[in-house]
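Copied from TrEMBL, the annotated features are:
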type    : residues                                               : note
DOMAIN  : 14-199                                                 : domain 'Thymidylate kinase-like'
BINDING : Gly16, Gly17, Glu18, Gly19, Ala20, Gly21, Lys22, Thr23 : ATP binding site
Amino acid sequence: MTEALLKHPRLISLEGGEGAGKTSALIAIRDLLQSRGHEVVLTREPGGTPLAERIRELLLSPQEETLAPETELLLMFASRAQHVREVIRPALQRGAFVVSDRFTDSSYAYQADGRGLDRALVEELERKVVRLKPGLTLLLDLDVREGRARANGRDLWPDRIESEQDDFFERVREGFRKRASAEPERFRVIDASQSPVQVGAAVSAAVVRWLENAA
Ligand code: Z5A
C-alpha cells in the first residue's frame, strides 16, 4: 500500500546551508503572517519539543564514537516524528501557520546527498513516519564558503555536522538545488548572498505571492 504525503498549505519550511540567514528570514515570515492576523508557531529541526531537543543535542554535540550515517538519519526522523506529533499537527489542526527552520528536505540533502545514504530509505521514512510535507519551502541558497565564513564569525566551536569538509556541504547545496528544480510549485529559491534586509524582503515577497495564489 502506498501512503500519500499530505502537502499542507499552512506548513512553511526554510532550508539552506549554514550561515544562510534562516533566523532573520523566520522572523520576517512570522511578522508578516501575524500582521495579517494569523497565529504563527515558529519551530526548528532537529528539535522543536523537549525530547526532540535532547535528540538534537545527541546529533550535534561531538560524540566519543563516530555516529553511523544510518544512526544520524534515524535520529533525525526520531526527532521529526516527535515534533510532528506533538507540535506541528496540533498547530495545523487549530488553524495556525507553522514555520519550521528545516524539515524533511534537510534529510534528503544532508543524509542522502551529503552522506550518500539511499534516497529510497528517506522516502520511505517520510511516507511512513512524517506523512506531511510543507506547502511552501524557501531555499536560502548561498555559496558554501561564504556561509561557513558567516557561521565561523558567530560560533566559538563548530558542532559535529559543521565540522565536515567543504565537499560535503557542496553536495548538500547541490541536493537542495536539485530538489527545488524538481518541485518548482513548492520551492522558492532566494539569493542569500544579499544583505539581511534584502533577503528578508525577498522572503516576505515570496510568502505574500504564495498566500495570494493560495487564496
Ligand atoms: N540537519 C540534517 O543533517 N538533517 C536534517 O534532517 C535536519 C538537519 C533537520 C542543525 O541545523 C544541523 O542539522 C545542520 C543541518 C543538520 N547542520 N549543518 N551544518 P541548524 O539549522 O540548527 O544549523 P545551521 O544550518 O548550521 O544553522 P545556522 O548556521 O545558524 O544557519 P542560519 O540559521 O541560516 O544562519 P543565521 O543564524 O541566520 O546566520 C548565521 C550568521 O550569519 C549570523 O552571524 C548572522 O548574523 C550572519 N548573517 C545572516 N544573514 C546574513 C547576510 N544576509 N549577510 C551577512 N551575514 C549574515
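Glycine is treated like the rest: Cβ placed from N, Cα and C.
Unlike curated records, TrEMBL annotations are generated automatically.
In the three-state DSSP classification, Gly16 (ATP binding site) falls within a strand.
Neighbouring residues of the recorded ATP site, listed in sequence order and excluding Gly16, Gly17, Glu18, Gly19, Ala20, Gly21, Lys22, Thr23, comprise Leu140, Leu142, Gly147, Arg150, Ala151, Ala192 (Cβ within 8 Å of the Cβ centroid). In the three-state DSSP classification, Gly21 (ATP binding site) falls within coil. For Ala20 (ATP binding site), applying a Cβ distance below 8 Å and a minimum sequence separation of six or more within one chain yields Leu140, Asp141, Leu142, Gly147, Ala192.
Counting every protein chain shown, the Cβ of Gly19 (ATP binding site) has 23 other Cβ atoms within 10 Å. Applying an 8 A CB threshold to same-chain residues 6+ apart, the list for Gly21 (ATP binding site) reads Leu140, Leu142, Arg150, Ala192, Pro196, Val199.
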